[in-house]
Amino acid sequence: MAQETAPPCGPVSRGDSPIIEKMEKRTCALCPEGHEWSQIYFSPSGNIVAHENCLLYSSGLVECETLDLRNTIRNFDVKSVKKEIWRGRRLKCSFCNKGGATVGCDLWFCKKSYHYVCAKKDQAILQVDGNHGTYKLFCPEHSPEQEEATESADDPSMKKKRGKNKRLSSGPPAQPKTMKCSNAKRHMTEEPHGHTDAAVKSPFLKKCQEAGLLTELFEHILENMDSVHGRLVDETASESDYEGIETLLFDCGLFKDTLRKFQEVIKSKACEWEERQRQMKQQLEALADLQQSLCSFQENGDLDCSSSTSGSLLPPEDHQVRSQESPEVQAGSGDSL
């Protein structure tokens, strides 16, 4: 049950500029005061109701750019919420195996997705960056080292702020909460190359192949890359997604190699296009020459036809027989016609 504490929500226009419809905030009348589940948002026009935490931690959802510093009402526009609900229909929860799991592990290569309540049950770790207004969740398998910035998913007193421009929507600025997971990833990339080289030596990969793991590994990598690519296209990629792509592209030289090959492909296609254009030009010239020859042939044919019509159409032998016939026979044959 929700208390009616806000005016009806809907698209309002000021002149010719329509205002984006936002979700309305309500407080459940049956929940204890200050309880994390008491804050809900709904859209009368879209018939949508959602918990504040479910909105804040959904991987593909951010608040509107317009920030209200006078209160704690979040700025979720209805269109973005509908889009996130649609995206969640394809995602199954790693805990309950049901659809609608929009809260994903923030590591770019992890495929786990949750409902917010299922993430709590699975002992997931939440991280809040007060300065940037970001909300991140890590599955138990990829839980970062806990500092004072890391809070458990079971902590109901945690204040949550999220903004598209990475700004606070209300309250004084909080101290930045360090992402230990990102630090750990950087630490991995900064380790001596000997360790990395030892992990990818031929005998190790051969053992993976013998165990049937190599194909599974590469399929998993491709699936993760496809997932990250989808989030980049949808503009829902997280900070970890960008960091993972940056590491993949630049640290191993993949971007440089891909750029070089792409340039070679473009140059090759340009050469093929120029050759094709040259061939088409030759074909046009040949067709023009053929057209000229055809016109010349038709002119010569007309002259032959006119000259032949001035003489007899009968063969020479028939003409001789015809000339030897008597006038009466010729006249009779003419009458019979």
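Placement of Cβ uses the backbone N, Cα and C atoms for every residue, glycine included.
What Swiss-Prot lists as zinc finger is 25-61, 91-143. Feature annotation from Swiss-Prot assigns region 'Disordered' to 145-196, 301-337. Annotation comment: Swiss-Prot describes 187-196 as compositional bias 'Basic and acidic residues'. The compositional bias 'Polar residues' annotation in Swiss-Prot covers 301-312, 323-337.
Residues in the zinc finger (91-143) partition by DSSP class (helix H, G, I; strand E, B; coil) as 9 helix, 16 strand, 28 coil. Taken together, the residues in the zinc finger (91-143) have a mean pLDDT of 85 on the 0 to 100 scale.
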